[in-house]
Amino acid sequence: MSDMVPRKRLRAGDADRDAVLEVLQRAHGEGRLSIEELGERQDRALEARYTDQFDELVEDLPEGHELAAGSASRVAPRPTSLPATGPAERTSFSIMSGRDVVIEPGTRHYLNFAWWGGDNIDLTQAMGPGVVVTLELHAIMAGHDIYVPEGVRVMDDSLAIMAGNDVDRQAQGDGSNGTVILKGFLWWAGHSVKLRGSRDR
């Protein structure tokens, strides 16, 4: 009788999605996924609501065998090819102020709350093939300027009310140099993503 009871589906969380994105980036770095396949699977991973939706995204990849077995939330992302010189997670606040923030290699998650303020966030050192960096940026009447190197794919998963992010055409890469995921709540606010060097032009 127990075999006839349908298995309950488990809701996917941010940690699950991040683990899958890490696997996809590693597979692309190894030449198993084309740029187009990487982008398509990344989009589906971000849209997934249940953990069983991840299986078909990684089951044909050696890097994803553990995830395909249903252990997405228990598998820690493997180190990237870049040396980890900074903390995996960072947190800061920007209240009626702004500063220059350099995200160091090894940082996978950066959290900031901005109110009437904004920083210059430089991701040049942090990005590279197979790297996924999540920027969780909550802003109220505020916004940041985010600078990325060439080849970085920018994915916007923010919740915006009378607000929005602006990604310069030159800054939107093909994912060959990593992926940046924008998250956070925006109200009368927005961030600008620019290619590194555009600030001086």
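Keep in mind that glycine also has a Cβ here, set from the backbone N, Cα and C atoms.
Just so you know, TrEMBL annotations are computer predictions that nobody has curated.
Between the stretches 68-89, 90-111, 156-177, TrEMBL puts its region 'Disordered' entry on 68-89. Over the domain 'DUF1707' (10-62), the average per-residue pLDDT in this prediction is 88. Sorting the domain 'DUF1707' (10-62) by DSSP state (H, G, I as helix; E, B as strand; all else coil) yields 37 helix, 2 strand, 14 coil.
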